[in-house]
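Worksheet for the structure shown next.
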């Protein structure tokens, strides 16, 4: 009995070690390595819902969305047939894969469910916001982005998305109000700066837009942007 128990424990330790290595690979941006590990573990336990979810998440990170959906839907099916309630993290990853694949109607359904099941999950709320924005439902998008930002106030991605949902809704000053303070503190990304430049251009302040946009653009790119910005300057005239 003792030998059997020891052998079983050793196998569990090896499994836990492999999963830890896969998590490290995911954290370090190497989903391919994680996929290999999760697939090997899944070969020994093909109905393990958690492993199917983790493998699907790894495929999502690698950009292989069809494979991600296959694994995640299988995880959802097995979980449902076992009589368990829907798992928010599975629905979140299904929604993200559908969103990345361009299937926004289905993504919206999955992400609404995920954000309801996982009210403290910033990624679920942000992905839902992106989905709403693609449908040009900017008020709902702002609500989702604000929920994500409330959970993770330091995220420039969520802050930028919230600002863009104002800018795309033809309310550039409200977008500026969201991201300009971060820019002044030296906390910004290329996307944030270019959206800020766009917002200033939409208000007719081409000089401010040019000063911000030129930080990241070549001369040719800047000229193209200035031509684009000119439409708002003409409106002012």
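For all residues, glycine too, the Cβ spot is worked out from N, Cα and C.
According to TrEMBL, the features are:
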REPEAT    49-82  repeat 'TPR'
REPEAT    122-155  repeat 'TPR'
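Helix first, then strand, then coil: DSSP counts for the repeat 'TPR' (49-82) stand at 31 helix, 0 strand, 3 coil. With helix defined as DSSP H, G or I and strand as E or B, the repeat 'TPR' (122-155) counts 27 helix, 0 strand, 7 coil.
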